[in-house]
């Protein structure tokens with residue numbers, strides 16, 4: 001089996017587990033709300049959902065060690081599709097024509113991505129990461145990111161411009177750094193496990209690990225702030241598009257993943273991205289608006305049901321991160337009057 005197929009399978013399974021996890025947590029919250037029993041975090045079923053989420057995220061992390069970032073990142077739409085299917089089949093949410101069309105487009109787009117994306121990338125070693133970090137291409141790209149990030153932070157913090165695009169671009173810029181560092185760490189661990197060369201003795205491994213953790217933390221922070229101010233139905237498709245675009249650009253510039261790829265493959269890859277983007281937008285389109293007055297209002301509500309405050313995560317609870325947005329877009333709840 002080709003190495004990239006291993007990465008695809010791990011990523012798909014990881015996103016599948018994440019979807020199951022989020023819907024398990026949704027069901028736990030619904031059951032707790034109806035019965036008015038102990039808090040959701042005392043439920044074994046809820047912790048099973050958290051465990052599945054951890055396994056899914058671990059799978060996504062491992063997938064970057066086997067396949068290019070520009071191939072793994074767009075597969076995040078699998079989680080959105082599966083979550084929608086689970087919500088309709090098991091949680092009895094309304095199935096709309098746009099859900100069917102969106103799911104079909106996302107699946108076709110995913111097929112195009114898997115078929116025409118780069119199937120190989122250079123082995124990620126400590127020396128390779130060090131060379132890429134000081135290459136002119138990456139340095140110019142990184143300086144551009146830093147300047148853009150500083151401008152957006154000035155608009156967001158000093159001018160108090162709270163536009164969704166500004167916040168999601170901030171998240172995407174951090175996501176670009178996250179993808180680079182995640183693939184570097186995962187790739188070096190993979191090379192070490194293969195036994196080709198011990199990579200964990202190089203300082204660059206620990207530098208990239210610190211960058212990965214830091215960028216993830218700030219990415220979750222900005223995403224949490226976006227979830228407070230805007231509906232998940234807006235955040236989900238925008239975040240997916242921006243994250244995928246930033247991951248593809250990072251893969252091109254840092255890991256040279258499109259080097260040697262024919263023009264027709266590049267065009268078909270772009271078409272696959274556009275189809276997947278359109279599918280996710282259609283799945284999230286026209287959902288009942290969910291105003292996020294708290295950081296992740298209700299990790300589990302279904303149409304016609306309401307949850308009490310005691311079952312909702314607190315504002316400082318950031319454990320769900322960007323994954324919560326994939327779930328809440330499918331929850332289909334109305335604002336409380």
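Just so you know, glycine gets a Cβ as well, placed from its N, Cα and C.
TrEMBL lists 5-24, 45-66, 72-91, 100-118, 138-156, 163-184, 204-223, 235-255, 261-284 with the feature transmembrane segment.
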Recorded stretch that, among 100-118, 204-223, 235-255, has the most CB pairs under 8 Å to the transmembrane segment (261-284): 100-118
Same-chain residues at least 6 beyond the ends of the transmembrane segment (235-255) whose Cβ lies under 8 Å from its Cβ atoms: 68-70, 72-74, 76-77, 80, 118, 121-122, 124, 132, 137-138, 141, 164-165, 168-169, 171-173, 175-177, 179-180, 183, 223, 226-227, 273, 276-277, 280-281, 284, 322, 325-326, 328-329
Distant-in-sequence neighbours of the transmembrane segment (163-184), which means Cβ under 8 A and at least six residues beyond its ends: 61, 64-65, 69, 73, 124, 129, 145, 148-149, 152-153, 155-156, 204-205, 208-209, 211-212, 215-216, 218-219, 222-223, 225-226, 229-230, 234-235, 238-239, 242-243, 245-247, 249-251, 254-255, 322
The transmembrane segment (204-223) touching the transmembrane segment (5-24) per 3+ Cβ pairs under 8 Å rule: no
Contact set, same chain, for the transmembrane segment (72-91): CB under 8 Å, 6 or more residues outside the stretch: 7-8, 11-12, 15-16, 18-20, 22-23, 26-27, 30, 60, 63-64, 99, 103, 106-107, 109-110, 113-114, 117, 179, 236, 240, 243-244, 247-248, 251, 272-273, 276, 279-280, 283-284, 302, 323, 326-327, 329-332
